[in-house]
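First the structure, in the form of structure tokens, and then the observations on it.
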Amino acid sequence: MAKIGNIDVGDFPLLLAPMEDVSDPPFRALCKEQGADVVYTEFISSEGLIRDAAKSTMKLDIYEKERPVGIQIFGANLESMLQSVEIVEKSGPDIIDINFGCPVKKVVSKGAGAGILKDIDLMVSLTEAMVKHTKLPVTVKTRLGWDHDSIKIVEVAERLQDVGCQAISIHGRTRAQMYKGEADWAPIAEVKNNPRMHIPVFGNGDVDSPERAMEMRDKFGLDGAMIGRASIGYPWFFREVKHFFKTGEHLPPPNMKERLDAARRHLQMAIDWKGEKLGVFETRRHYTNYFKGIPHFKEYRMKMVTSDDSADVFAAFDEVEREFANYEFA
Ligand SMILES: Cc1cc2nc3c(=O)[nH]c(=O)nc-3n(C[C@H](O)[C@H](O)[C@H](O)COP(=O)(O)O)c2cc1C
């Protein structure tokens, strides 16, 4: 049974990865319904939070039904990170997660995200200060290292644990790899196999089938799987993994009714949460996967992803329902 601080997250929990413009409250709620054990917000800038930037503070919203939920923040400045911990706490998350893994230039160049992998002492001292500044469990999400020649993740994880980090999620790539190549889970297993480690070690990167999740558990011995891209437009991934663990069999894919129901609810929740314009815009990236496999679908997908008016998108869903009601997904 894995625990993050005092939070019992079950046996080999499945965690929804923090994903910018994806892991918002509507999508997290859908993933939770389908079996995600822990969900994380997208990363939120500590500098944005302390400036009270509307875009950052809105990202703090959480629904009761998605708990346990971790709010992820990033930054490299101690004062800003500590102030943002206080702001984040007011939203009542269950966990505060620190992003030490984002590879994008604008984040890294400020020493934040994966940028901090070049300064492990700072990574550790920032974590320690944040742990001391809150009663909530603090977790870390990071990568294997800055580049192939500087992988010290076993030592880094142990030091983070020693300053009070309550769980670590490790993406099996370096910053230099960005998203290229295959994620390497062997160094994550080394972290787990360190006899001094006692906090949960969650693996991340390329879990795209129930078999891969099982491999992460049984071959690599990790404590849980954090799932990102496989869930985009496919929140059912969580229940499929769980079913496979329980029975060794694959669940049939969701049928058209379930997919339409999810797409409609997703869009409606997104509009309710962030307004018509952003709600319509930011739900677009999910439709390809919601309806993946339907032949000659382009015409319908184009309507879904080009219209700025939700009424048109809902009308496209209705059309799909009429045209493909009996379509059997493979
Ligand atoms: C669209 C997108 C946005 C992401 N945003 C974040 C983020 O805000 N914070 C973070 O720690 N990682 C972020 N990531 C990285 C994912 O959390 C995860 O580490 C990565 O996608 C590898 O896992 P996967 O192979 O299961 O997708 C993002 C990834 C994607 C694809």
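Each Cβ is built from the backbone N, Cα and C atoms, and glycine gets one as well.
Listed features, source TrEMBL:
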- Cys102: active site, proton donor (ACT_SITE)
- Gln72, Lys141, His171, Gly228, Arg229: FMN binding site (BINDING)
- 15-312: domain 'DUS-like FMN-binding' (DOMAIN)
Worksheet item: Per-residue pLDDT averaged over the domain 'DUS-like FMN-binding' (15-312) comes to what?
Response: 97
Fill in: Euclidean distance between Cα atoms of Cys102 (active site, proton donor) and Gly228 (FMN binding site), Å
14
Fill in: Residues that sit under 8 angstroms from Lys141 (FMN binding site) by C-beta distance, when 6+ apart in the chain
Pro18, Tyr40, Gln72, Asp97, Ile98, Asn99, Phe100, Gly101, Ile168, Ser169, Ile170, His171, Asn204, Met226
Worksheet item: How many other Cβ atoms sit within 10 Å of the Cβ of His171 (FMN binding site)?
Response: 25
Fill in: Pairwise Cα distance for Arg229 (FMN binding site)/the residue listed as 'active site, proton donor' [Å, integer]
15
Discussion item. Applying a 10 Å Cβ distance cut-off over all chains shown, what neighbour count does Gln72 (FMN binding site) have?
Written reply: 27
Item to complete: Please find, for Gln72, Lys141, His171, Gly228, Arg229 as listed binding FMN, the greatest distance between any two Cα atoms, in Å.
Response: 17
